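Engineer: Pasting a structure here, questions to come.
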Ligand SMILES: Nc1nc2c(ncn2[C@@H]2O[C@H](COP(=O)(O)OP(=O)(O)O)[C@@H](O)[C@H]2O)c(=O)[nH]1
Ligand SMILES: [Mg+2]
């Protein structure tokens, strides 16, 4: 009874929650992007100094709220030996932010290979992908057309999904808001991967109809009543 009521409470007051993976080679700027995003979207967040960020071992997690939507980020390590762990997170994710270091021409083809492997994974089918051409504050960096050309043979592998290439500087924050707002729009409209909160609802309804107990039925009615009065 308590579980059911607390589930109901959560449904009413929790935001729709989506998991977003931040992927890309090591040194691309993933952790800096996550810190910049948290600083911009969480009013009281006092982040670490961006220049003090060091190599990620394991993963960093961060959460932001954008209106009624909650994004939970998983910033995974990008070193070659850690890339094999990426696909363990695919099934749970609603979106991917793929970060490219626009100043590192030498490793661009390595980044393209990792990207290609990622987008061809079945577990990520239909998941929106935001490609961030990061470090655009550096004068000598590669431009968006340069990067698109280098990644051009991935285009036909993108399939039916939302995909955007966005110029960005995780350090200065340029392009960060635009990227996040685009991602929010895409995950919300992607009916194939409902938010986490919907699972609670589904559980609730399933349980209410599979258990023939009077109080479950009345809670279910209460739930629909609450839904009806929400709008
Ligand atoms: N100039 C510049 N440097 C950046 C930017 N983003 C990250 N960096 C630097 O790139 C290095 C690697 O950043 P980090 O966030 O640790 O990369 P990660 O390994 O992908 O998590 C650090 O020295 C950052 O300060 C950016 O937008 N512009
Ligand atoms: Mg990192």
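From the backbone N, Cα and C atoms, a Cβ is placed for every residue, glycine too.
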Engineer: Have a look through 78, 179 and flag the one TrEMBL assigns to the GTP site that 24, 25, 26, 27, 28, 29, 30, 31, 134, 135, 136, 137 belong to.
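Structural biologist: When TrEMBL describes the GTP site, the candidate it includes is 78.
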Engineer: Can you give me the Cα-Cα distance between residue 26 (GTP binding site) and residue 56 (Mg(2+) binding site) in Å, rounded to a whole number?
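Structural biologist: For residue 26 (GTP binding site) versus residue 56 (Mg(2+) binding site), the Cα atoms are 8 Å apart.
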Engineer: In the structure shown, which of the binding-site residues 24, 78 has the fewest other Cβ atoms within 10 Å?
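Structural biologist: Least crowded of the binding-site residues 24, 78, by Cβ count within 10 Å, is 78.
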Engineer: Which whole-number value in Å describes the distance between the Cα atoms of residue 24 (GTP binding site) and residue 56 (Mg(2+) binding site)?
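Structural biologist: Approximately 12 Å lies between the Cα of residue 24 (GTP binding site) and that of residue 56 (Mg(2+) binding site).
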Engineer: Could you tally the C-beta atoms, other than its own, that fall within 10 angstroms of the C-beta of residue 137 (GTP binding site)?
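Structural biologist: There are 15 such Cβ atoms around residue 137 (GTP binding site).
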Engineer: Which has the fewest other CB atoms in a 10 Å radius around its CB: 31, 56, the listed binding-site residues?
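Structural biologist: Candidates: the binding-site residues 31, 56. Fewest Cβ atoms within 10 Å: 56.
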Engineer: Within 10 Å of residue 56 (Mg(2+) binding site) by C-alpha distance: pick out those among the binding-site residues 28, 78, 135, 137, and say none if nothing qualifies.
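Structural biologist: Hits: 78.
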